[in-house]
Amino acid sequence: MKSIIIASLVALAIAASPALDRTFSPKSEYVYKFDGLLLSGLPTASSDASQTLISCRTRLQAVDDRYIHLQLTDIQYSASHIPQSEQWPKIESLEQRELSDEFKELLELPFRAQIRNGLISEIQFSSEDAEWSKNAKRSILNLFSLRKSAPVDEMNQDQKDMESDKDSLFFNVHEKTMEGDCEVAYTIVQEGEKTIYTKSVNFDKCITRPETAYGLRFGSECKECEKEGQFVKPQTVYTYTFKNEKLQESEVHSVYTLNVNGQEVVKSETRAKVTFVEESKINREIKKVSGPKEEIVYSMENEKLIEQFYQQGDKAEVNPFKAIEMEQKVEQLQEIFRQIQEHEQNTPETVHLIARAVRMFRMCTIEELKKVHTTIYTKAEKKVQLVIETTLAVAGTKNTIQHLIHHFEKKSITPLRAAELLKSVQETLYPSEHIADLLIQLAQSPLSEKYEPLRQSAWLAAGSVVRGFASKTQDLPLIRPASRQTKEKYVRVFMQHFRNADSTYEKVLALKTLGNAGIDLSVYELVQIIQDPRQPLSIRTEAVDALRLLKDVMPRKIQKVLLPVYKNRQNKPELRMAALWRMMHTIPEEPVLAHIVSQMENESNQHVAAFTYNVLRQFYKSTNPCYQQLAVRCSKILLFTRYQPQEQMLSTYSQLPLFNSEWLSGVQFDFATIFEKNAFLPKEVQASFETVFGGNWNKYFAQVGFSQQNFEQVILKTLEKLSLYGKQSDELRSRRVQSGIQMLQEIVKKMNIRPRVQQTDSQNAHAVFYLRYKEMDYIVLPIDMETIDTLVEKYVRNGEFDIKSLLTFLTNDSKFELHRALFFYEAERRIPTTIGMPLTISGKMPTILSINGKVSIELEKLGARLVLDIVPTVATTHVTEMRFWYPVIEQGVKSLQSARLHTPLRFESTVELKKNTLEITHKFVVPENKKTTVSVHTRPVAFIRVPKNQDSEYVEAEEKTISHSQYQMSTEEIDRQYETFGLRINAQGNVLSQWTLPMVLMTEQDFEYTLENKNRPVEFTARVTIGNLEKTDLSEIKFDKIFEKEFDLENNESENRRQYFHKMIREIQSEQGFKNLITLKLEAPQQMYWNTELRTVCDKWIRMCKVEMDARRSPMEHENKEWTLRTELLAARPQMPSSLRQLREQPHREVQLAFNAKWGSSKKSEITVNAQLEQSTEQKKFIRNIEREYKGIPEYELLIKAARLNQVNVVSEYKLTPQSEYTFSRIFDLIKAYNFWTVSEKRVQNENRRVVLQLSVEPLSRQYMNMTIQTPEQEVELKNVRIPRVVLPTIARSAMFQQTWEKTGATCKVDQSEVSTFDNVIYRAPLTTCYSLVAKDCSEQPRFAVLAKKINKNSEELLVKVVRREEEIVVKKSDDKFLVKVDGKKVNPTELEQYNIEILGDNLIVIRLPQGEVRFDGYTVKTNMPSVASQNQLCGLCGNNDGERDNEFMTADNYETEDVEEFHRSYLLKNEECEVENDRISEKKNYRNKWNREEKKSDYESSSDYESNYDEKETEKELVKKTLIKEFSNRVCFSIEPVSECRRGLESEKTSNKKIRFTCMPRHSKNARRFLKEAREQTVAELVDFPVSFVESVKIPTACVAY
């Protein structure tokens, strides 16, 4: 009964299946003709292409409703290079190719398929069939696989409604085709008796695709770029034609293209179709096959076997290259290297041979490689041996690497050479566990223990190889991803290396190896190191850097780890900055950026805050397409911050992005420095270069870096050792130093100061230079105490340099020969095609470099000579290729760009010290009978290669150069010959007149430049002589006509100024002067020369100078006389005032310049220029408006600003040749065009051949410029031109030192009641008649101390004591004069210079310190220190200068307190000479910390009377000048003079009323619109000339506070 029921159900199921879904009737045989076409060429119909036509008859027997049996017969194929056409080529137009019997038998083997719902669900092949043959048969079955209707459960209501109307139907469904399991879109159209089914494949929605990719693991993920980069996904369309429910024809068309900059450059195309021939009953059954069931999807089994062989070597189960006999491989390699040896010079053909050798080596077993070694390598010349070594390393298979390591251990390859070869192994295309294990064994071998470069290269290479199979990259290998156990294995190995390391370098190397590996599981180990405070800082920083390759794998995890590190102020600043730097490359989201900005705004360490701001700002400005989202987020987040960094911060990050967003291509240069207060050297310096080409992002294409920890200790120790031979003979100075040290020690004892000992170990101090290439650490160069000691011991004997050893090393003649073959890059991608052949898209750049030469150094008594004789030869070819492969045929298209350079060179350099001169000579020699060649060749090539049937001898491909006809017409022939300097130069070729990169790739071009010398050697000589300074008379300097009418001052002061000027010149001329002569002679063959003399005459203080330059050269083309140039420059600067009073009273405050030049050959041009560097009208008003009397430090700081010269007046008279006049005119036109929007001009009639120029810079912001130029015919005015912030010159005495301290130093101010520390913490603390320690070097070997006290209880005047290691200096002000005592003895003002003391003006004295200086005006002590000096080794009321605001109050015995009184008392020096004012000290109102760490606010106000609106430094901190705007309905009013406002981020704390004048103008007027725009960024200076509309009282802030 059960069997009856089952049979009934089966019958019902069969009956229910619609006949429409049955393509073939059971028990019938169908014959179809199959045609397949391969086309490779350019994406244009007008060029030739390589085309292969394959045809056969297909017998198809429908056994039942589900199974069909198939067999191919009458197989033939033809291939040729013919023009492209939309039609199928006729078989007669192609060359018939012979198919071997072996291949024909394979293709004729039967196969069986199961059909379900019209689709091929299972396939069975003969057990004797080959994989490539199976894929060919799949392509035919692929044409019979068709779903005639949408699955009912997937049809929506509209489709169901349309089902009733068969005229048209569309549906999407996932379906397995030859190219993968992807979404397919069906369209069904009824045309009479015919039904046409069309389906297209959507490759964006694939579940699986049989594809591989190698060599892409060095790229980074760029989400904003096209995911496939240059490769465009294939376009595949199927068309099925049914007539009366029978399949008449089925065709598939696929196109594969490569895009560059959005344009197709090469393409490959496949077409396949089956055409119905006949239908009949089955007469002769096709043999049923019973092989394993397989899918219709392309089988990558053959590719998998190849990959396994590359990765596992002889341990692979199957050798896919076994068919090629050993003798045949050796013969091919022998022929390759024979041809390379015959090529004396490297050519593109040599590069092609190297690429072939690499391909052959990848096919070799260990035995075959041994045969190559004994047969070829041992008998070859050195060049071929070196090339064989590098090609084996580039091949990068397990067998080639094992073979190389075997010879490393036998030392037949030197360890240094082995280390070099391992750099190529790092880039292997086929990384595997087997290769990684080999490298780790090498790194741990006794050989590597002896040779550090080899060991380092082995570890770094092992890490890079591990990344290839154990980390997520863009590679798509066929082997399964590494298991967790495998990852844990290598993490354990690398961490064991770290734990076993004894030195810092060893630990750094272990972490760089782990960083190269990029294993996700390593993050847990790295986090432990980063968070372990017991680890050295350099190790923790290196662990942060080791996370770099995980940015795409686990960005959120890295952010979670590094954000707390960055925010934790207990961590060192350089660690925090490194964490931020690494975190930003994970492209954080806005919440993370908000945390970063919040930390920046509340940051107490200014280095960290400034670095953070710069990083955010640079990412916000980036045009890198891969940072687009991050740039948007950074721009949003920066809108809400008020933080502005200090200008002098050295820790910074900057980038230079150069990108084309349309092409998704460009480059970016990054530069970052990380400084710390305790070091003069940067803790970290990085310079990197990253690229994006066609959306492919190489984040760390190249990077060089330097990191160090306490390396200053190494330098100091080394200098101490080198100074052993220096004998000190000055006993007096020695006694003075001992006296100073004793006084410093007494201060330490009396104040109970605990020395600030830096926790640094000089033995652990180290520095590391590293090179990173393609995201891999490539080279690590450590420098530590041991390395320095080795060098010192080698070249220093008994405290003196061992000159003999050094001379022996330098004077040895050194011949060298270098040959290196390498692939700059190699990438490969393989995808299936609908014709059953794999399509390989590859790019590579094989290169060979050879350098033969000799270098020698000859040392003489007073000179040295270097001779370098080399012949470099470079050849390289960039290959972009699309290739189809079958055992019977290989076809494709490639674009080649080749370059070659061969240039013999000889260079000689001599340095000789003669009696009165230093002579340096450089000589460049072009050898005789030698040719220099530079050639470039580009061409697209279509190729076909058909192997011979009899043997596997290598057959050259049949190539045909193809080109884009339209682009080719744009090329032009070049054939030019020159003869110059006795050298024959030939330039010839065929190049594009206008080109783009796609045009270059699609056209044939060639260009060759040759330089040949058939006569004697041609020498080019440059000789520089520098004479000694000689005394001379200054009377020869004449300032005759130097003042022009345009230089006259207002108020008729010009005559007085001129008299003052000439009197000053006469006084200077009465003094002794000095002169110097420098000559430069350039000599070339054929009496070509350029000789220059530069003569300088100046006084001792460089107040007046005369510079003359004479030049002459040999006549050039169209010249019949020697060309000469004679110039003279006179310069005189005014006296440098040291007080405002001197500045006001000084009649002459300008710098005068006079310049004359005369040049030409037969006709001479002459120009005379008088220039005056002066103060503008606004700047002079500023000086006149200084109504209050300033003294001391504020006076000097104001003097620097008041003495700025911000305007230059130039008057030029000229007599020019027409050619010179035209050149100057064009330059002038360019300047006007560049500043089109800010220029105005009018026609005038001025004096002929005379030009007047006035240029003035706005003195406050120094970012805007006005310029007026008057020519004989026009007056041109440029207003408000924005320029980079400039440093204006100032004539104030010693101004340069002060400005340097302001920009790069740290400053502390102390007066009788308030202290502003080095770290900008302001607090109140009263000084008494007992000394308070202002600042002191509190290291174990102190060098200075600065103390201050009140002269008496009721006085505001102070007395300052400076103790240096040499002496004790006491300074006080008495009767407006400074009284200076050194070691208790009064010193006259004329003797102060020998004690490094200087008096500026009447109210300021400067005392130099070993590092820094002290400025004192009687009331305020200002101590300037370098911003990177003595972190945690300074103490005193001025703090520790460590950049942190949170730890200023460290008492004398080195513990932190929040009680300012306790802090102050700890630095009181109590003795019998003073009376402690306990009442004043204990009174709490005298203490106030204006930087509260908990509330993070700055509410201090300036208590000094002299801090004016013109004090730029304080203005930048608190107040800024702005034009006040009042807006009404129809008018806008502007304040005529600038009004003070609190800078952004601050609020007014105190205000005062001031009457302000306003001028009003209509809102619609041009001036109103312009002034509104200018007032947003600067003060509007032009308003002074407008009438006053009204006066109004306005509240002006006098002090600001930040909340």
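Our numbering is plain: 1 for the first residue shown, then up by one each step along the chain.
Cβ atoms are placed via backbone N, Cα and C, with glycine included.
Copied over from Swiss-Prot:
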type: SIGNAL; residues: 1-15; note: signal peptide
type: DOMAIN; residues: 24-685; note: domain 'Vitellogenin'
type: DOMAIN; residues: 1306-1475; note: domain 'VWFD'
type: DISULFID; residues: C1308-C1438; note: disulfide bond
type: DISULFID; residues: C1330-C1474; note: disulfide bond
type: REGION; residues: 1492-1513; note: region 'Disordered'
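Swiss-Prot feature annotations superimposed on the structure.
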residue: C1308; record: disulfide bond; Cβ neighbours (10 Å): 27
residue: C1330; record: disulfide bond; Cβ neighbours (10 Å): 18
residue: C1438; record: disulfide bond; Cβ neighbours (10 Å): 28
residue: C1474; record: disulfide bond; Cβ neighbours (10 Å): 15
Does DSSP put C1308 (disulfide bond) in a helix, in a strand, or in coil?
strand
C1438 (disulfide bond): secondary structure state under DSSP, collapsed to three categories:
coil
I want to verify one value. Collapsing DSSP to three states, which class is C1474 (disulfide bond)?
coil
Take every residue in the domain 'VWFD' (1306-1475), average their pLDDT values, and give the whole-number result.
85
Expressed to the nearest Å, what is the distance separating C1330 (disulfide bond) and C1438 (disulfide bond) at their Cα atoms?
17
Measuring Cα to Cα, how many angstrom lie between C1474 (disulfide bond) and C1308 (disulfide bond)?
25
Helix, strand or coil at C1330 (disulfide bond), per DSSP?
coil
